[in-house]
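Below: the structure, in structure tokens.
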Amino acid sequence: MSTSRTVRRAPSAVPPVVRRVSSVASPVSSARAARRASFLVYAAVLLAGLYDAALRHGDGGGGSPLPAGPWAPLGPGGPLSVVVFAAGIGALFALDLIESRRFRPGPPPARVAAALLGLRLALFVLVTAFDGSGLSHVLLVLVPFTARLSFGRTAGAVSAVACAAVVLAGYQWAAPGWPGDIEYVSDLLMLGVGLILSFAVAGVAAGAEEDRARLRESNARLAAYAGQAGELAAAAERVRVARDIHDGLGHHLTAVAVLLEKATAFGERDPALARQALADARESTRRALDDVRRSVRTLRAPAAPAPEFSLLAALTDLAAGAAGQAPAVELDLGGDETGYDPRVRTTLYRAAQEALTNARRHAGATRVSVGLALGDAEARLVVADDGRGFAAGAEGFGLTGMRERVRLAGGHLDLATGPGAGTRITITIPRAPAPPAHAGAVTPPFPAGMPPSPAGGTP
């Protein structure tokens with residue numbers, strides 16, 4: 001089918017399940033099947049009529065003799081009769097083709113369908129009037145089929161009864177004693193069976209069309225949901241990358257800026273201290289570069305296993321990296337981190353890192369205490385500084401990202417601060433984190449900056 005070729009040329013962003021449902025939900029198959037059935041009926045009636053005409057003209061044919069008199073050409077088997085008969089069948093073929101091409105893939109509007117049904121009935125009458133074989137009565141089975149598909153069950157049943165009544169009236173008018181003729185009776189019974197089968201098949205086709213309509217609606221909803229899920233995942237990934245850049249690279253760049261200011265200030269007064277500040281700045285730059293390398297490695301191969309790290313060692317190194325700088329960092333670490341999920345350890349490390357960055361960059365603090373208690377059920381991190389604090393509602397991107405990290409890990413963050421009162425951040429996270437809301441919200445299982453990146457490689 002053309003759909004499959006299109007998919008091979010330009011793969012769709014819609015999931016394969018959606019594309020499979022779409023192919024099943026196509027209404028073209030039932031319309032094509034109905035049109036083919038009509039064509040077969042038209043072809044059978046046409047062949048029977050032409051065969052009867054040929055027999056009438058034959059030398060020893062088995063058909064009825066040709067009529068005599070001035071109206072002979074229009075009588076059964078007459079030349080004009082055959083022409084009109086064949087033209088009527090051709091008009092039926094053309095009508096079905098025009099309808100299928102003009103209104104595909106769905107049915108025509110109700111008014112158009114009514115006009116088409118009326119036109120078909122007129123052509124049926126015309127064909128029947130000039131058919132010498134008598135097989136054209138079979139065209140009537142198409143009436144309830146079309147009416148059922150176009151106008152519903154009631155219209156289909158009424159049209160079937162009306163067709164039977166028309167045939168009965170014709171028999172009564174043409175042959176009043178027809179009930180005693182087995183040929184008439186058998187023809188009537190066969191017509192009745194055909195009408196019933198036609199109505200039943202139309203019901204099945206209508207039910208299938210309703211099922212396909214429901215499938216198309218479900219397919220549209222599924223495609224919309226898939227698009228929304230993709231947008232949400234992309235948005236969550238953007239937020240995660242922004243958090244990592246802010247918390248990791250931002251921390252190191254803040255340290256570099258402070259150290260460079262220190263080196264500039266003490267360049268002439270204390271060259272040794274200035275050189276040490278430059279060395280520390282180089283170390284912070286190296287860690288920032290390692291951070292970028294790890295982030296790129298994670299984005300390029302998110303499924304690759306990440307190295308484990310020790311939260312206690314990472315916090316110790318974080319405090320050691322701030323040694324000799326303001327504010328002074330005091331550590332109080334306790335408990336065993338064994339069994340804690342990597343996401344929990346990552347979240348706690350990032351929170352401590354961001355809190356130290358805020359104390360150094362914004363708070364003007366002289367001292368920061370970092371306390372971590374790793375219990376059997378939950379971890380508790382408390383970071384407090386003696387800085388200037390800030391008013392309620394003045395949180396920046398860093399604290400917002402910290403809250404998001406803690407919430408995604410199933411924890412809770414309490415913030416106590418005020419102008420001139422310092423800042424105290426308390427974070428509590430269960431030992432096993434809550435499952436992530438979606439893939440884009442998953443925090444990488446190791447913090448940038450810890451552990452040291454493997455030797456070699458470039459970002």
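Glycine is treated like the rest: Cβ placed from N, Cα and C.
Source: prediction; values computed, not measured.
If you look up TrEMBL, you'll see 433-443 marked as compositional bias 'Low complexity'.
The compositional bias 'Pro residues' feature in TrEMBL is assigned to 444-459.
Per TrEMBL, the feature domain 'Histidine kinase/HSP90-like ATPase' maps to 343-433.
Annotation source TrEMBL lists transmembrane segment at 39-58 (among others).
Residues or ranges marked as transmembrane segment in TrEMBL: 78-98 (among others). Sequence-distant contacts of the transmembrane segment (78-98) (same chain, six or more residues past either end, CB-CB distance under 8 Å): 35, 38-39, 42, 45-46, 49-50, 53, 66-67, 72, 116, 119-120, 123, 126-127, 130-132, 139.
Annotation source TrEMBL lists transmembrane segment at 110-129 (among others). Within the same chain, residues 45, 49, 84-85, 88-89, 91-92, 95, 99, 103, 136-137, 139-140, 142-143, 146-147, 150-151 sit at least 6 positions outside the transmembrane segment (110-129) and bring their C-beta atoms closer than 8 Å to a C-beta of that stretch.
Residues annotated as transmembrane segment in TrEMBL: 158-176 (among others).
Outside the transmembrane segment (188-208), and at least 6 residues removed from its termini, the chain residues within Cβ reach (under 8 Å) are 30, 33-34, 137-138, 140-142, 144-149, 152-153, 156-157, 160, 163-164, 167-168, 171. The transmembrane segment annotation in TrEMBL covers 188-208 (among others).
Broken down by DSSP into helix, strand and coil, the domain 'Histidine kinase/HSP90-like ATPase' (343-433) contains 33 helix, 30 strand, 28 coil.
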